[in-house]
Structure formats: C-alpha cells, structure tokens
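Q: First the structure, then my questions, so here it is.
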C-alpha cells in the first residue's frame, strides 16, 4: 500500500517504491525526492523490489504522475542512459489512468541505468536501477608506493607537535555536555578549527571525528549532532580550510575569494601528488585523531570516524590511513574512483570530466594517491556505509565500487530512493551502530 505521508519516517534496505514530490515553483530545478509540500507527485516503481537486476535482464518501471493526488493522463518524455552519462535512448508515452510501464532495457556490463522523466518539459524526476553492481571494479590503479608515500607525509607532519587552542563556547554548552571551539595545528603550515562536544559527567568516553562535506565553509550548525555527546561520545566536528567559524561575513568573503570558485581547492595542485591541496587535509584528519587520543577522558580503546559525501570520503580515508580507528561510518562517499570516466562510465565527485584537461597522465597519477578506493582496500575496522541509487552527486556506481573493495567487516543501509541526502533517523541510527561497536 502506498503511503503518501508528507515526511519520510523510515529508510529500508529494500524500498518498494519511490515517491517524489516536485514543487511547482521549483519545476525547472533539480528536484529532491521529498520536499514536504507539493502539488505534483511522481511514482516510479521498478519491477524488482530492490531495484537490482542481473546483467542481461530487462528492467521495467511503472510510472505515474499525479496532480493533487489525482492521476493525470499526460504525455511523459523520457531519456535513458548509463549513470551520469549521456542518454542512449529516448521516447514518449501517454499515461492511461495516470500510469504507464516503460521498458528501460538492460546493461551488458555491471552498472546503473538512469531514466530521466519530464512532463511539459518542466516537472522532472529520475530513477536509477542497477545491473550486477556487486561486480563493479575501480578504474583507479593502486600505486606501488602508496603506503610509503603516506607514511612519509605523516612522519613529516608529526615533526610538528599538535598544538591546540581551546575556548569554551557557553552558547552551545548545556546541562548535558560542554562545547569547545578548538584551533589545532596539524603540520608546520596548516591549522584547522573544530567544535568539540563532550559529556558533562566525568568519565572515560569513545572519541568520534566528523570531517566536513565539500565546500569552502565554516562550521555552521555545531548543535545538529549533539545526540552524540548525550549518548556518551566525545565528538570533534572539524573543518579543513583553517576558517574560524566565528569570523565575520566580511572576513569570510575576503578569504574565500582566494579559492577561485566554490570547490576549486579540489583541483589545486592536482598536477603533483606532493603539492595537491588535499594532502594537508588527509594529514589533518590523522592529526585530529592524534589530538583526540591524547585527551584524558578518552576511554583508551574506541576511535570512530563518521561523515557524509566529502566527509564520508575523509572518514574512509582516515580509517584506511590510521589503524587506531576502530569503526567507520560513511554516507555516499565522494572522491571515489574519480578517474572512472576514463572507463566510459560514471566517476566520483567532484566529476573532473566537467572541467578541461583534468585527465592528463600527471593528474590521473595524483588522483590515485588520494582516491577513496585505495584507502578502502586498506581498512581493517568495521564499516557502515549508506548510499542511494538516485544520487547524482556521489553516484551509486562509485559507492558500490568502494563497498566492493572493503574486505573488513561491513554493513550497509542501501536506500534506492535517496538522492544526495540522508534523514535524521538514519543519522541517529548510525550513532547507535557506533554505540554497538564500543569495546
């Protein structure tokens, strides 16, 4: 039975349906799957409940389009193509009693097909289904000197002792936990900022590092995940650019102009593995663990990492670099098989195929030292990963590639309906999973 509740309350590993509300006022924008109020409703129901098929099997999807909940006999235009790639077929179908079945076809190789739908060229939706994704493999090579490269960089960074300035933030402190604004010097040239929350009650606690999603930004909502501190965790939410969250808007604007464009740092120095911007970021994550494990109220056993998108990537990177990490949670990880477009299929965020001259031999070589797939190979702690099939930021193709490479104990919450988001319920569930990992 369909549930037309205005808010999603549960995510299941195998979703039967995708319900997509498309706001009329946002009709020309890329619509998320669950705006809470809308006049229009798409329903797309693959004929396999888990949205997965074997290569060679044909996928069929029942499509419905409703206005105010009433089925519409409208013409639907559609295009079908591989995940993140140009369409290879297109067509139109007129709905009868508000419904039609579209044959999406199949794939000869493992991957995902994406069907992009529209009514009147305005009301848009898409749905992706997978074909033997458990067989997907990375394009990215595993450099022979990968481990030596990162050991040398961490050794060099550790010549600079971790130094921390720590100021209590009364406006974020409650009866249950204390909050501190930290500035951590992570190597000779770089520092990061972070908010540390920890239980008010004296004791020994697990530590959790939370790296950020992509962008040039400060930490805007330090109170959004305080349920960690309330459940007995010391948690550090960090940024990666040395941007003080208490700076003024004018200061922020002045500093960020140096970054060229919003996520330009992800291309900065990509010609040379030793000069790539993300080198100090990966090192900073490990140095943050150095700091957390020096705290007198750390329990001496449990070191967790948790994040989404770029933060999911950095969580996996840290787990692959640092054997002290005892459990890892990642949502739809970015920076995964970034050169995958050279295999004529989807690659990972930041989608270098959209820029010029990004796949030179030098840049592809550098990518291999920073790609999540090569850290995933090295993870030994338990891992919990969540991803959705409709994600066009961190596509399911690359999430599966990362998942397939992990040989450590692992669990997944696959939510086919999801684009680039998770619900608050999922985020809380991940905290509960970490709680189960406490030794």
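Every residue, even glycine, has its Cβ placed from backbone N, Cα and C.
Below are the features I grabbed from Swiss-Prot:
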type: SIGNAL; residues: 1-31; note: signal peptide
type: ACT_SITE; residues: 309; note: active site, nucleophile
type: ACT_SITE; residues: 391; note: active site, charge relay system
type: ACT_SITE; residues: 420; note: active site, charge relay system
Q: Out of 391, 420, which of these active-site residues shows the lowest number of other CB atoms within 10 Å of its CB?
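A: Among the active-site residues 391, 420, the sparsest Cβ neighbourhood within 10 Å belongs to 420.
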Q: If you skip the near sequence neighbours and keep only those at least six away, which residues in the chain come within under 8 angstroms of the residue listed as 'active site, nucleophile', Cβ to Cβ?
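A: When sequence neighbours closer than 6 are ignored, the residue listed as 'active site, nucleophile' has 213, 214, 331, 332, 333, 334, 349, 393, 394, 420 within Cβ distance under 8 Å.
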Q: In the three-state scheme derived from DSSP, which category covers residue 391 (active site, charge relay system)?
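A: Its secondary structure by DSSP: coil.
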